[in-house]
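According to TrEMBL:
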{"type": "TRANSMEM", "residues": "20-45", "note": "transmembrane segment"}
{"type": "TRANSMEM", "residues": "52-75", "note": "transmembrane segment"}
{"type": "TRANSMEM", "residues": "81-101", "note": "transmembrane segment"}
{"type": "TRANSMEM", "residues": "122-145", "note": "transmembrane segment"}
{"type": "TRANSMEM", "residues": "178-199", "note": "transmembrane segment"}
{"type": "TRANSMEM", "residues": "211-228", "note": "transmembrane segment"}
{"type": "TRANSMEM", "residues": "272-295", "note": "transmembrane segment"}
Amino acid sequence: MQALVNTPKKVLDLQFNATVFSFEIISVFLLVFFVLSWRLIAIILKKNESKIFLTVGFVLATFLSIFVPIGLSTIGSRNPVHIMGNPMIVLFNSFLLGYGASGQTPLKKGWIGSPVYKGIPYLIGGQLLGGLLGLIFFYMFFWMYKIVNNKNTNKNELQKLNFLSIFENNSNLGFGKFILKEGFFITLLMVLFPFAGMINTATYSSNHFQIHLVQLVVVGMVILISSFFDFFSFHLAFPMIELIIKSIAYFKLEKNQRINQIKSYMMQWAKLLVVIVFSVLIPIDIALATVAIKIKTGGIISVS
């Protein structure tokens, strides 16, 4: 039984698992650091309007955030570590695995079980902490770039490049359209990504590496399509980071300027709230719908 300690349901059923907590931090740290670094590279190369260039970078960052922790776990953990890496996946698994026995337990009909929620705080907490550390490390990387390249690049362009400008968003979407966009793409991601990871390896002669590659294709397609709508919050860490940056920029303004910008600043809080609500409700709804369908069809899933 000890070998199963790091499976998704097991880690969700524990109040804390230091090993899993550490690898969730590492996963999101890598995701945030490499996504922000790629945005910096795009600005330097004047490709920050290239949808393909940005999408490729975001997918590569996702690739590293999945496979580097898995590789590190071979020396950092006695047991395999299944990286969730995203609050939406944590919530989806909490409900899907909690009710997973429904429809596949002999002599028992209807809904069986309950959400597995003990581990939600430390898993999501570790992910958000990893995002914050990724931002801090990127900040140091940014200033290292400016110092090292001070004499090697066009000084005028280098001076124009400041940390806060990397996070500038020129989107003209109204609040209603923002809600529609986020709701649609978060739903699309959660309908496709988790189920791509549920491919039966024995039936289809595949392995976990191949399944992760399929998931990366899903992420890439969803992000590419969303790039025509100014992208979307595929991880809760990014709108939170954006709010941190907007808050720093806002409180650096003079008092009269802050008064003029208060509406725009409060809108940033409203957008974060929308993303949080969608990131909680959509995965739960999809997980419950999945269980309901499974009860009707008699489908069987792994509940470990």
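Glycine too: its Cβ is placed from the backbone N, Cα and C atoms.
Touching of the transmembrane segment (211-228) and the transmembrane segment (52-75) is concluded from the presence of at least three CB pairs under 8 A, sequence neighbours closer than 6 excluded. Same-chain residues lying 6 or more positions outside the transmembrane segment (122-145) and placing a CB less than 8 Å from one of its CB atoms are 11-12, 15-17, 20-22, 24-33, 36-37, 40, 84-87, 90, 163, 166, 235-238, 240-241, 244. The largest share of C-beta pairs under 8 angstroms with the transmembrane segment (178-199) comes from 272-295, of the ranges 20-45, 52-75, 81-101, 272-295. For the transmembrane segment (81-101), the neighbouring stretch richest in Cβ pairs under 8 Å, chosen from 20-45, 52-75, 272-295, is 272-295.
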